[in-house]
Structures are given as structure tokens and as C-alpha cells.
Amino acid sequence: MSTENNAPVVNNFIRSIIDEDLATGRRSSVVTRFPPEPNGFAHIGHAKAICINFGLAEDYNGQCNLRMDDTNPEKESDEFVEAFKQDISWLGFKWNGEVRYASDYFDRLYDYAVELIQAGKAYVDDLSAEEMRQYRGNLTEPGKNSPYRDRTPEENLDLFTRMKNGEFPDGSKTLRLKIDMASGNINLRDPAIYRIRRVHHHRTGDKWCIYPMYDYTHCISDAIEGITHSLCSLEFEDHRPLYDWVLDNISIEHHPQQIEFSRLELLYALTSKRKLQALVNDGAVTGWDDPRMPTIAGMRRRGYSPAGIKLFAQRIGVSKSENIIDMAILEGAVRETLENDSPRVMAVVNPLKVTLTNYDAAVTASRSAPFHPHHPEFGERDVPIAREIWIERDDFAETPPPKWQRLTAGGEVRLRYSYVIKCDEVVKDAADEIVELKCSIDHDTLGKNPEGRKVKGVIHWVSAEHAIQADVRWYERLFTEQRPDAVRGEDGEYVDFRQFLNPESLKLVPAYVEASVLQAEPESRFQFERLGYFVTDRYEHRKGDKAVFNRTVGLKDSWK
């Protein structure tokens with residue numbers, strides 16, 4: 001699949017199938033589709049599918065359709081449609097033509113159902129949902145035919161027409177395919193393809209009171225759109241015979257090939273829209289785009305880049321094997337792309353006051369510093385110094401451990417892009433807490449090493465006079481368990497995944513940051529030197545007024 005970096009394209013079995021199809025003339029082009037249900041926001045699992053479908057279409061100079069699978073109107077909305085469109089565009093992909101909807105094909109789907117009824121291949125059933133389950137059988141026992149299975153095509157057509165016209169109550173009748181109740185594949189045991197459901201649809205309004213089922217809708221929609229390779233996750237492998245049966249038994253010429261790949265399971269995260277919705281509803285997160293959420297909108301707000309997400313999708317590859325991926329792989333891909341693209345600035349998140357006792361405005365000079373050590377085109381910024389500065393409290397130790405190279409009483413350290421300073425005095429309050437360090441500058445060390453001694457430590461800092469205050473949201477992983485929805489209690493039942501929410505997943509940290517960041521636009525990514533990668537918040541950062549940062553990821557994996 002396509003990525004924005006120079007990493008090699010990973011071979012996958014889908015690519016091999018496409019290569020053979022094109023080489024043999026079975027297909028002359030590649031048309032894929034991404035068909036989400038608009039009942040929530042896109043998450044990291046969708047991101048993988050997006051990269052596969054759109055990426056393969058790009059690589060083969062083909063096309064990828066965006067189609068909303070809107071056959072379940074109770075849970076779907078225009079809000080989720082727009083969210084999917086935004087996320088796909090933000091990732092850098094373009095769909096073919098206009099956004100398509102399964103509901104665009106409701107009339108044609110109905111006509112094909114009539115065709116199946118007339119051919120004696122579908123029937124109206126009066127069994128209740130519970131009765132249908134009892135008749136279906138299981139993996140070891142065949143199902144039983146419904147007592148309504150042998151209705152004539154004429155009777156079935158009359159009943160189906162009346163279903164459409166609203167003459168029967170919700171759930172009282174279904175339209176089922178007549179396949180084989182003894183099939184070893186339960187999906188072929190006369191699956192229902194229409195149900196009565198009086199629900200307002202976000203696009204068709206109240207026109208329909210019957211709605212087609214996913215398995216029926218999906219394959220026909222693919223065929224209508226001329227999809228060549230219908231790529232879906234592995235749980236639909238057992239549905240493929242039904243996909244093929246429907247298309248083989250209606251008067252439609254095009255027959256796409258369904259190909260399944262393993263779905264993504266990301267450790268320390270959830271990829272169930274239902275469970276993510278529960279987190280939103282419970283107030284465990286601030287919304288679908290909370291930076292702790294594994295949604296594309298959440299990852300975007302946290303500062304993940306499209307290139308990082310694409311690199312992640314490319315690295316995990318495409319296979320039929322179980323695809324359980326550690327969060328560190330995602331964070332590593334994001335970190336790698338941010339390292340190359342992020343300007344550097346200094347920020348202090350746990351400040352300790354330092355007074356430079358021999359600071360003299362006439363002789364104490366400031367320097368400029370590059371925004372990126374390897375990209376001179378990023379430019380430079382001024383790093384002003386003043387009599388009072390802030391350093392990280394963690395960069396001072398009154399009683400240092402072995403091999404300590406940062407500041408200590410009587411010790412020296414270099415201020416990044418500035419002078420070597422020496423701690424001459426430690427000031428404490430009545431509670432014996434350190435509140436200030438009094439240090440002296442070696443004025444001969446600006447841009448050069450001190451004479452006769454070696455100073456190894458370098459720390460970051462900001463000028464108390466020039467730095468701005470910023471709100472920093474320090475994010476960690478949302479869950480403490482690798483697989484929060486797969487933990488069983490002593491009774492053998494699954495434990496509520498919400499019990500494993502990380503109470504330390506968000507800390508609000510007041511910080512001091514170089515003044516240049518105040519002019520940054522929302523969604524500007526930075527490396528805070530020695531601290532990690534941060535982004536100005538998409539909504540709450542206000543250029544020239546209020547600086548709000550979200551922690552994206554650390555400089556290295558801290559969860560090993």
C-alpha cells in the first residue's frame with residue numbers, strides 16, 4: 001500500500017491475487033471500496049482497511065469507492081458519515097466520484113428480492129426471531145425447514161409487497177433465501193435478507209419500513225459499483241459462499257471477488273464501536289475525538305500524523321494470520337515520522353526557578369537555535385536568556401545518584417544553546433522543599449567548551465521573562481490491561497473492560513514554553529526537547545492568545 005515515506009512496500013497475498021488477475025486478463029483494472037457503517041467514528045482498525053483499499057487502488061492506478069453501509073437506521077447518522085469523510089481525507093486519500101450509500105440501491109435491492117421470489121429462491125417467513133434460532137440448528141446439528149418454506153412464489157410475492165406497504169407489524173415477518181437448512185455453513189441455512197422495521201432513515205426518511213440485511217446488500221452493492229476485489233476482514237470468510245450465491249442467482253452480470261484479511265487487534269485499546277460508544281456515553285472520555293481514543297479523530301487530535309498511521313499500516317502488513325499488535329508498534333511508527341517533521345522547541349513541565357546571579361544584560365548574550373538539526377530549511381528561532389530561568393525539577397539532585405550528569409549543588413551543567421552554569425546555592429522553604437537555585441554563568445562558554453574541564457550534562461530551560469505559560473495535557477494509554485475486553489473473572493465471565501481504565505491516562509500540566517509557539521496554528525506538531533512530541537490542540541489552542549498542547553508520544557518507548 002502507499003506510504004509517504006521511503007519504506008519498501010510489504011508484499012501481501014492480496015497483491016499477489018491482483019497481480020495474477022491482471023496478468024491472466026481475469027481483470028483489466030482494480031476497483032476497491034471502503035464500506036463503513038456510519039454508526040460511530042473510524043478507529044485504528046478502519047485505518048488499516050482504509051490504507052489497504054485506497055492504497056492498493058492507488059498502487060494499481062485504479063479506483064476506490066467510499067460507500068456508507070446505511071442499512072441499520074437506528075444507529076446511523078449524518079454526523080458519523082461526515083466524520084468518516086473527514087478522516088479519510090485527512091489521511092490523504094480521495095475516493096472515486098461522490099460518496100455512495102447502500103440506501104442509493106434500496107429500489108434495486110427490492111427488485112432483486114422480487115426476482116428471487118419469482119424464481120422460488122426466497123420466501124416470506126412468519127417464524128419469530130427465537131423460533132428461527134431454534135430451527136437453525138448448530139455446528140453439529142442440521143437445521144429444520146420452516147413450516148412456511150413451501151409457500152408459492154405468488155403467495156410470497158403478495159406477502160413481500162404487503163410487507164413493503166406496511167401492512168404487518170415490526171418483526172412479524174422476514175424474507176429469507178431458500179438455500180439449504182442442512183448446510184455445514186450456518187450462513188447458508190436460509191438467511192434472512194429483509195426485515196420489517198419502522199425506523200426513520202437519515203437519508204430515505206420514512207419511505208421504507210423494510211430494510212435489507214448486510215449480507216444481501218453488500219454483495220449486490222459491490223456488483224452494482226463494478227468492484228473487482230471486495231476486501232473485508234476475516235470474520236466474513238464464512239459469509240463468502242453466501243456472497244457468491246446471491247450474485248449467482250440474480251440477473252446481474254458483474255461478480256466481484258471477496259477476499260478476506262485478518263482484522264487488527266491493538267493491545268491496550270479497543271476496536272469495538274459499541275464499546276467505544278460506551279466510553280463516550282459514560283463520560284470516561286470527552287468524546288469520540290478524545291486523544292486517548294483509538295479513533296482516527298482521536299489520534300489526529302493527539303498529534304499522530306497521517307504519515308505515521310500509514311507507516312504503521314504498511315509495517316503490520318496484510319495476512320490471514322491473527323493480527324495482534326502491540327501499541328508500541330503504532331507509537332514507534334508515529335515517533336519515526338514526527339522525528340523528521342517536527343520543529344524543536346524547549347518547554348519545562350515541572351519547573352524549578354534558577355536565578356543567574358551574575359547575569360548582566362550588557363554582556364550576557366542570547367543565541368539563535370535551529371528548529372531542526374537536520375533540516376536547515378525549517379529556519380531558526382531566538383532563544384533569549386534572562387536573569388531568571390526555569391529548568392526541570394528532575395534535572396537537579398541535591399544528592400545525586402551514581403553517574404549523574406545533570407545539575408547538583410556545586411556542580412556544572414550546560415544550558416542547551418547557551419552557557420555553562422554552576423549551582424552555588426540551594427534555597428529551601430520552611431517545609432525543606434527546594435524552591436530556587438542560585439547559579440552563576442561562565443561567560444566564556446557561549447558556543448564553546450570551558451577551559452580546563454569537561455562538562456558532560458546538557459539540560460533544557462526557558463527564560464522566565466520570555467517564556468509563555470501553556471496548558472499541557474499529558475496523555476498515557478487509556479487502559480492498564482493489554483486486552484481489556486478479554487479478561488475473565490474467577491467465575492469465568494468476562495470482566496467489564498471499564499474496570500481497567502488507566503486513572504493516570506490524563507494529567508493536566510501547567511508548563512512554560514518558548515514564546516515562538518504562541519504563533520503556531522492549531523494542529524502544529526513540535527518536539528519538546530528531551531520531553532517528547534506535542535501538538536497544539538485542534539480546538540482549544542488559540543494562535544496569539546492561548547497555548548494548549550497535547551502530548552503525542554515520548555521520545556522513546558517507556559512501556560517496555
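Glycine is no exception: its Cβ is also placed from the backbone N, Cα and C atoms.
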**Study point:** Per Swiss-Prot, the range holding motif ''KMSKS' region', considering 270-274, 290-294, 365-369
**Key:** 270-274
Revision key, fill the gap. Checking 36-46, 168-178, 333-343 against Swiss-Prot, the stretch recorded as motif ''HIGH' region' is 36-46
Point to revise | Cα distance (Å, whole number) from Asp69 (L-glutamine binding site) to Asn39 (ATP binding site) | key: 10
**Study point:** Sequence-remote partners of the motif ''KMSKS' region' (270-274) [C-beta within less than 8 Å, at least six residues beyond its ends]
**Key:** 39-41, 43-45, 263-264, 294, 479, 484-485, 497
Practice item. Spatially speaking, which of the binding-site residues Glu37, Ile44, His46, Arg263 is closest to Asp69 (L-glutamine binding site)? Use C-alpha to C-alpha, please. Key: Glu37
Check your understanding: Rounded to an integer, what is the Cα-Cα distance in Å between Glu37 (ATP binding site) and Tyr214 (L-glutamine binding site)?
Key -> 10
**Study point:** Arg263 (ATP binding site): tally of other CB atoms within 10 A of its CB
**Key:** 16
Review point. How many other Cβ atoms sit within 10 Å of the Cβ of Lys48 (ATP binding site)?
Key: 27
Review point. Should Glu37 (ATP binding site) be counted as helix, strand, or coil on the basis of DSSP?
Key: coil
Review point. Is the motif ''HIGH' region' (36-46) packed against any residues at least 6 beyond its ends, judged by a Cβ distance under 8 Å, and which are they?
Key: 68-70, 72, 75-78, 80-81, 83-84, 87-88, 202, 233, 263-264, 266, 269, 271, 273, 276-277, 288-289, 293-299, 309, 330
